[in-house]
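Encoded as structure tokens, the structure appears first; notes follow it.
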Amino acid sequence: MSLPLRTLAVQDLYLRDSWLYRILPSVRHKPFTPMSCGDLTESWNEVEPDPNQLRWKPFNIPKSSEKKVDFISGLHTVCGAGDSKSRNGIAIHMYTCNTSMIDKCFQNADGDFLIVPQQGETLITTEFGKMMVEPNEICVIQQGMRFSVDVFRETRGYILEVFGAHFELPDLGPIGANGLANPRDFQTPVAWYEDRTVATGYTIVNKYQGKLFSCQQDFSPFNVVAWHGNYTPYKYNLENFMVINCVAFDHPDPSIFTVLTAKSTRPGVAIADFVIFPPRWGVANHTFRPPYYHRNCMSEFMGLIKGHYEAKEEGFQPGGASLHSIMTPHGPDVDCFEKNSTAVLKPERVAEGTMAFMFESSFSMAVTKWGLDTCHRLDKSYYKCWEALKSHFNPNWKPSSK
């Protein structure tokens with residue numbers, strides 16, 4: 001389905017607002033009442049902290065023949081930190097659904113959603129218009145925007161939610177004016193409206209202070225005839241990312257693959273970065289080309305949209321995930337280490353047909369009970385992928401003379 005879109009400049013948006021011209025104002029609704037939150041939570045103390053390397057097998061998608069699950073009821077919180085009340089924090093969710101939202105929309109009063117579809121196209125109707133978002137694309141629904149999700153088959157994806165900040169392009173510094181995600185490639189919907197009365201009631205679901213509430217009204221909220229401004233939903237195709245990589249030696253920091261960032265109040269420190277590992281050339285000499293073994297001051301949640309991640313070609317699967325918490329050691333598995341320690345270093349394509357990504361955060365994230373237990377997808381043998389690593393140290397080794 002082809003939908004009209006227009007270019008959105010997402011950089012330098014210090015003042016963000018939009019004017020919406022509605023047939024009826026959104027204030028005309030019945031009172032909000034609490035509703036079940038399911039596996040959506042902001043309670044980070046459900047279980048004891050776990051500093052281990054964590055990996056999840058692909059998260060299950062409910063079969064449409066067994067149970068109808070829409071986008072809202074299919075939201076599951078995996079991990080997070082901070083607090084929506086104090087407007088400082090992060091949450092990572094999975095969505096797994098098999099049916100469209102009928103006469104129902106969702107509004108997140110707590111923060112922004114960065115949505116990463118992994119399986120199945122999603123038609124997202126917003127107050128600003130419609131966006132078709134496919135795997136290998138992302139979209140951002142900013143705080144307070146109402147939207148409804150239509151799906152066409154069993155569907156799965158990842159969500160990065162940030163409280164108290166909005167996503168923006170990273171500072172390019174010495175890179176200059178062009179590179180990474182270029183502003184011209186972000187698209188926002190063209191106005192679309194329906195003047196529709198819903199006699200049986202239209203449901204507005206509101207995420208507020210980490211809880212869900214619902215209310216009823218008798219008309220569609222997608223009644224915006226026209227709008228103008230720069231506070232909008234938007235989408236981006238990851239194939240448009242202009243990759244920058246090492247052309248001499250050493251493995252650069254993955255920050256060079258940052259698509260969007262949500263900055264904290266501390267200079268140089270992000271609440272969260274959205275980073276991708278796209279197809280690219282590897283040409284570094286005298287270098288172990290995969291990611292090196294490391295510990296660092298950030299939490300790294302990784303997902304896989306398609307293909308095989310080069311550092312762990314087995315075990316890390318599309319629709320699954322991993323979490324390496326602050327100061328928890330991690331790196332390539334044994335097979336990747338052995339292969340790349342002896343490989344002939346010639347120019348080669350890396351990650352062809354693959355798209356892995358990372359939600360990286362300065363917060364020390366807690367995993368929910370659903371993530372550690374209820375989902376039944378935690379790979380408890382993950383640590384074994386490093387068990388066969390052995391020492392290659394030779395105290396008598398000397399570099400060969402030229």
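Cβ coordinates come from backbone N, Cα and C, glycine included.
TrEMBL labels come from automatic prediction, so no person has curated them.
What TrEMBL says about this one:
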DOMAIN    16-238  domain 'Homogentisate 1,2-dioxygenase N-terminal'
DOMAIN    240-393  domain 'Homogentisate 1,2-dioxygenase C-terminal'
ACT_SITE  HIS251  active site, proton acceptor
BINDING   HIS294, GLU300, HIS330  Fe cation binding site
BINDING   TYR309, HIS330  homogentisate binding site
Inter-residue C-alpha distance, HIS294 (Fe cation binding site) and TYR309 (homogentisate binding site) (nearest angstrom): 17
Residues that sit under 8 angstroms from TYR309 (homogentisate binding site) by C-beta distance, when 6+ apart in the chain: PHE277, MET302, PHE316, ALA351, THR354, ALA356
Least Cβ-crowded entry, counting other Cβ within 10 Å, from the recorded positions listed as HIS251, HIS330: HIS251
Shell list (Fe cation; ref centroid = CB of HIS294, GLU300, HIS330; cutoff 8 A): PRO291, TYR293, ARG295, ASN296, HIS324, THR328, PRO329, GLY331
HIS330 (Fe cation binding site) and HIS251 (active site, proton acceptor), distance between Cα atoms, whole Å: 15
Protein Cβ atoms within 10 Å of GLU300 (Fe cation binding site), excluding its own: 21
Mean predicted confidence [pLDDT] for the domain 'Homogentisate 1,2-dioxygenase C-terminal' (240-393): 93
